[in-house]
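Down below is the structure, laid out as structure tokens.
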Amino acid sequence: MQRRQGRVNAGLLLLLYQISQVGLQNIPPVTLGVLGLNVFLFLNPVRALSEVCISVNEAIYKKNWQRLLLSPFHHADDWHLYYNMISMLWKGIMLEKKLKSVWFAYIIAVFSVLIGVVYVVLEFLLVKILDDPSYEMSCAVGFSGVLFALKVLNNHYNPGRVSTVLGLRLSSKYACWVELVAIHLIAPGTSFAGHLAGILVGLMYTKGPLKKIMKACAGGLSFFTDPGRPRDYYSDYYGYYPGYQYRTPRNYYDYTGGLTEEEQLERAVLNSLNERDFGGATYNNERRPYGFWFPPERSEEEIRRQRLRRFERR
């Protein structure tokens, strides 16, 4: 392990100042852990950057696949670290609260490796399509690929927002593509393929099969919960009492009928009005099922008699 020496790292000091302004208590644990890991490896890199960066040559030809784990968490300089970690701070606070810490940590781990794989594939395709062997030597480090993927997730879970890129206001769903081009034009030394790989992995999660695959892989681990589906409140209590006969707990969606919150509210209002018209009675002494109750069909004569009774009460 090598320790960085030399000049004062202004970017690192500014990053620490910004973190202190937010407050450690306001930063979710996984986000804080990612920030701490990147700062630690910047000050104490595992190896030199030339030995941790990822490229076609290193990954495919030399089979140094361990670089997939090392390259995202090493940065070229303090300003590279600062801009990436400030972006991670904001996106992490937004997404970790939405997805919960365990699932967010799972996403960070999978994205960090998968983006490196997609990056290598993109560079390999450029070598073959353009017949330019220089692309197989292009070596990348940094967390920015993961940040582009998280940006896609953040825009997916918070639709309708407006972002400003180079003074232009545009819908957030297009912001990552504009930033991809803008960063490459402003700073040509950045990895276009690495940033593009991040966007593609983000789309694989939000639009493609990646989320389902991750859920399937995590299905056997009890501490993972599906962030898109509420956990059954009663599931933790079955089987804890001696002599209690186990039965399968009802699923959350059995109670809601699979409706959204807006549809549940609308249906509840309609049922309330119906019950008021029926005087709170049930038909044929039938027990209402769990979830929402749909009143039985009535004949025109029954409706007429019901209206007459209401008129007499007035």
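We number each residue from 1, going along the chain as drawn.
Backbone N, Cα and C atoms are what each Cβ position is placed from, and that goes for glycine too.
What TrEMBL records for 1-24 is signal peptide.
Residues or ranges marked as domain 'Peptidase S54 rhomboid' by TrEMBL: 63-206.
Feature annotation from TrEMBL assigns transmembrane segment to 103-127 (among others).
Marked as transmembrane segment by TrEMBL: 177-205 (among others).
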Is the transmembrane segment (177-205) packed against any residues at least 6 beyond its ends, judged by a Cβ distance under 8 Å, and which are they?
107, 111, 114-116, 118-119, 122-123, 126, 138, 140, 142, 144-153, 156, 165-166, 168, 170, 211, 214
Tally the residues of the domain 'Peptidase S54 rhomboid' (63-206) by DSSP class, grouping H, G and I as helix, E and B as strand, and everything else as coil.
108 helix, 9 strand, 27 coil
